[in-house]
């Protein structure tokens with residue numbers, strides 16, 4: 001620094017009364033303080049960075065970026081940056097950050113090498129402005145980082161210094177890298193979609209708003225990450241993160257997001273049927289930090305899709321029809337029937353759900369041998385504990401297909417969901433005791449029509465062949481044998497704790513080898529079909545039919561028993577509606593149709609008493625007297641409902657109001673009581689419920705809402721109508737918002 005000469009100019013000079021040496025030191029210190037480098041501000045260049053990182057959709061004030069990809073920040077300084085200056089960016093995560101633990105990244109532009117895989121460089125200097133490029137490690141811990149600027153001994157803490165760092169499917173070095181842009185748009189960026197429900201023979205879609213970019217959703221996901229207590233090392237790994245999120249989306253062990261309830265009584269909360277998206281659920285949870293009531297499998301899956309997409313992991317909802325819940329890991333579910341063919345749910349620990357919804361997430365499995373990258377099954381529905389916690393996965397879908405159920409995590413459980421065999425038992429009273437007679441075995445009925453939304457299209461894609469080889473093929477049986485080799489043997493005794501005898505001779509059977517069961521084949525070529533002969537409208541008689549067929553020469557006397565029951569989608573029977581018993585004679589290749597008719601009075605009261613959508617279960621048992629051949633068949637059917645019509649323009653302008661009308665005509669022969677219309681449109685209209693009262697037969701309901709679009713692009717309005725009698729009428733319509 002330059003030297004200063006002391007000049008005495010009289011009393012006006014501040015140094016006039018001081019020692020000249022003291023004055024000289026004071027002036028030098030003052031000059032140095034003025035010229036030491038200080039940061040005075042940071043521009044996070046949010047618009048540019050978020051557009052390049054595909055994070056411009058997030059409704060947050062702070063910057064959100066993806067790991068392994070450069071982003072720029074412009075630092076304002078009190079003077080021009082010189083070669084000798086020390087400028088450092090500090091990125092910290094978590095409490096008490098340190099370099100050793102990898103929670104403090106200290107980045108210096110003058111050093112060419114990175115720090116912990118992070119890199120920084122000077123893009124350009126322009127006077128007091130310095131443009132820096134930062135690239136985080138492609139395996140950095142995901143979460144909220146705080147950025148400070150250190151210049152010498154000065155530390156600048158910007159007002160919006162928190163940066164959200166997410167997984168990056170666009171980065172080749174990230175474990176969640178996905179090569180296909182259309183898939184990235186669907187599985188990461190699409191905030192609406194469908195969840196497929198119903199039964200294997202009657203699949204329909206439920207529109208669902210994932211809403212991963214909505215207000216507070218990213219903060220809710222960050223809160224879940226913190227609540228998971230994952231180490232920073234595990235936060236790098238999408239397998240660890242997805243497993244933790246599968247645990248936290250249910251409330252069973254950890255006061256997570258959703259409380260499950262399958263009781264049919266949802267007082268004190270929201271019925272699972274009344275949700276049309278994840279946004280309200282996650283916003284409420286983040287605000288209260290308490291579990292939200294209530295969820296069932298498709299709600300858990302919808303919310304988990306939102307969480308994973310929000311964090312940057314490609315995710316999809318997966319629906320499996322006739323999904324097995326195998327409680328003992330023996331790849332078999334036992335179904336008990338009485339002599340009328342009515343299912344006895346209370347006797348079995350196992351169950352077959354009409355449908356079950358879980359999730360697939362996309363990643364490289366660096367913790368597994370080669371060959372198991374790609375889609376991994378995870379499940380937030382609390383069914384069975386895994387490592388002492390209600391969590392499930394990630395289980396490689398390829399491992400399920402090949403029968404490699406020894407791999408982590410929860411391969412045996414997922415494999416059974418799509419591959420278990422069904423064994424039917426008739427329970428007869430003999431001398432006051434229950435006698436169990438095995439009727440038939442079905443090896444091809446579990447894991448049907450595995451479904452997800454197609455990429456870029458509003459239709460269902462069947463992904464069954466990703467999960468399993470074609471039923472009955474050599475590869476499929478080989479996979480089953482391989483899976484059985486890793487599963488403890490159990491023999492073919494019925495699972496019920498009530499069993500005292502197990503076959504026609506009353507002998508308990510066991511084996512030391514796992515059994516690969518085979519489809520029941522009859523000498524008579526006996527075959528059963530169950531159909532409805534009229535549309536299944538609530539309030540009308542249920543007109544059903546059981547067709548019995550034989551295909552081999554001979555005269556056959558067949559005892560037929562048939563039953564009709566109402567059941568939840570979990571397979572639990574809610575009500576017995578009626579039975580038939582007939583003896584018929586068939587000759588050679590022939591068939592006969594036996595009608596089964598149920599009056600409305602038999603089921604309407606039950607329909608109105610539960611807050612769930614129930615299905616019609618028809619079960620038939622046939623026994624050929626001459627050969628002792630036995631066969632059983634069951635089919636689940638869904639009631640059919642009138643539609644909702646949505647009327648609105650195809651195009652609207654940003655921030656300009658438009659009108660949207662919902663029209664419903666009650667074409668049923670029964671009044672619909674306590675009707676509610678639920679409406680939501682992301683970026684258009686917040687989730688709102690309209691009470692509609694009772695809608696009498698033939699009457700038309702029309703509701704109109706005024707919408708104000710706040711975001712550009714294609715948006716959807718989703719509507720759902722529920723009443724005491726019907727629960728599952730949904731509709732949606734798309735609109736394009738322009739400037």
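Cβ from N, Cα, C; glycine included.
The following features are taken from TrEMBL:
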type	residues	note
DOMAIN	289-382	domain 'Transglutaminase-like'
ACT_SITE	297	active site
ACT_SITE	356	active site
ACT_SITE	379	active site
BINDING	419, 421, 471, 476	Ca(2+) binding site
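When the recorded positions 379, 421, 471, 476 are scored by other C-beta atoms within 10 Å, 379 scores highest. The Cβ of residue 297 (active site) lies under 8 Å from the Cβ of 353, 355, 356, 357, 358, 381, each on the same chain and at least six residues away in sequence.
Comparing the Cα of residue 379 (active site) with the Cα of every entry in 419, 421, 471, these being the binding-site residues, the smallest distance points to 419. When other Cβ atoms within 10 Å of the Cβ of residue 356 (active site) are tallied across all protein chains shown, the result is 28. When pLDDT values are averaged over the domain 'Transglutaminase-like' (289-382), the model yields 94. A sphere of 10 angstroms centred on the C-beta of residue 419 (Ca(2+) binding site) encloses 25 other C-beta atoms. Within 8 A of the CB centroid of the Ca(2+) site residues 419, 421, 471, 476, the other residues of that chain are 443, 444, 446, 447, 468, 472, 477, 479, 480.
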